[in-house]
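Take a look at the structure below.
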Amino acid sequence: MALRFVQLLIIFVLALATSQRILASDPDILFDYIVPSNNKVDANFFTFTGFRDIFDDVPGTLNITKAALAEFPALNGQSVSYAVLKYPANGGVNPPHTHPRAAELLFLVGGSLEVGFVDTKNVLYTQKLKVGDLFVFPKGLVHYQYNSDANLPAYAVSAFGSANAGTVSVPVSVFGTGIDNVILAKSFKTDVDTVKKLKAGLTTHK
C-alpha cells in the first residue's frame, strides 16, 4: 500500500510539473499554422510591415513597437515574436520588468546599452553592450535596459520564444495596482508618505 501511494504521489507531482510548464509556454499545434477567423490566408497574412522605416526617427521617450500575436496574428502557434526598442539619449530606460512566458534575446543595432537581470538567487548580472552584441534575459527573470549615453539614442531588436511573451512592469505592478500603502510601507521597510510619493511620481511619469 505504501509503495502504491509513493508511486501515485510521484505521478501526481510529475503531472503537476508538466501542466505548469505547459501553462507557462505556447502550446504545440498539429497544423502548419492556425487559420484566422476570416479564413483568409495568403502571403499578406504571413507578412508584417509595422517595422518599415522604424529606425528613421530619433526617440524622445522610450518607444517599443511589437510584432506579437495581437499585432501579427500569423504568429499564433509559432512560439516566436519580435519587438523594436528605441531608447532616448541621456537616461532612456526600460524599467525593471519580466516576461512570464518567454526568454528575451536582445540584439543591439545602434548606440550602447547597460543591461542586467536578477536571477532567483538574487544575483545581479550586468553588461555594457555595443552595436552588434546580443544579450539573453532568461525567461521570467526581472531585467532592465538603460541608455547612459548623453548624446546618442540606442536601438535594439528583441526576439521572444513566445507569440505572447507578456510583460509585467515591476514599478507598475507594485505601485500602480492598488496594493495597500501600509502593506507596501512594511514590505519596503519605509513609511506610508514615501509610498504615496512613489505612487504619485509613477502617475506623473506615465
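Numbers run from 1 along the shown chain.
Note that Cβ sites are derived from N, Cα and C of the backbone, with glycine treated the same way.
All TrEMBL annotations are machine predictions without curation.
Among the features that TrEMBL reports, signal peptide is placed at 1-24. Marked as domain 'Cupin type-1' by TrEMBL: 62-196. Per TrEMBL, the feature oxalate binding site maps to N94, H99, E104. Feature annotation from TrEMBL assigns Mn(2+) binding site to H97, H99, E104, H143.
Same-chain residues with CB within 8 A of the center of the N94, H99, E104 CB atoms, the oxalate site residues themselves not counted, are A83, H97, T98, L106, F137, H143, Q145, S158, F160, A165, T167. Long-range Cβ neighbours of H99 (oxalate binding site) (same chain, at least 6 residues apart, Cβ-Cβ under 8 Å): F137, K139, G140, F160, S162, A165, G166, T167, V168. In sequence order, T98, F117, F137, L141, V142, A165, T167 are the residues of the same chain, not among H97, H99, E104, H143, whose CB sits within 8 A of the CB centroid for the Mn(2+) site. Cα spacing between N94 (oxalate binding site) and H143 (Mn(2+) binding site): 9 Å, rounded to the nearest whole number.
Across the structure, H143 (Mn(2+) binding site) and E104 (oxalate binding site) place their CA atoms 10 angstrom apart. Distance from the CA of H97 (Mn(2+) binding site) to the CA of E104 (oxalate binding site) is 12 Å. Helix, strand and coil counts from DSSP across the domain 'Cupin type-1' (62-196) read 21 helix, 57 strand, 57 coil. Over the domain 'Cupin type-1' (62-196), the average per-residue pLDDT in this prediction is 97. Counting only same-chain residues at least 6 apart in sequence, those with a Cβ under 8 Å from the Cβ of H97 (Mn(2+) binding site) are V142, H143, Y144, T167, V168, S169, V170.
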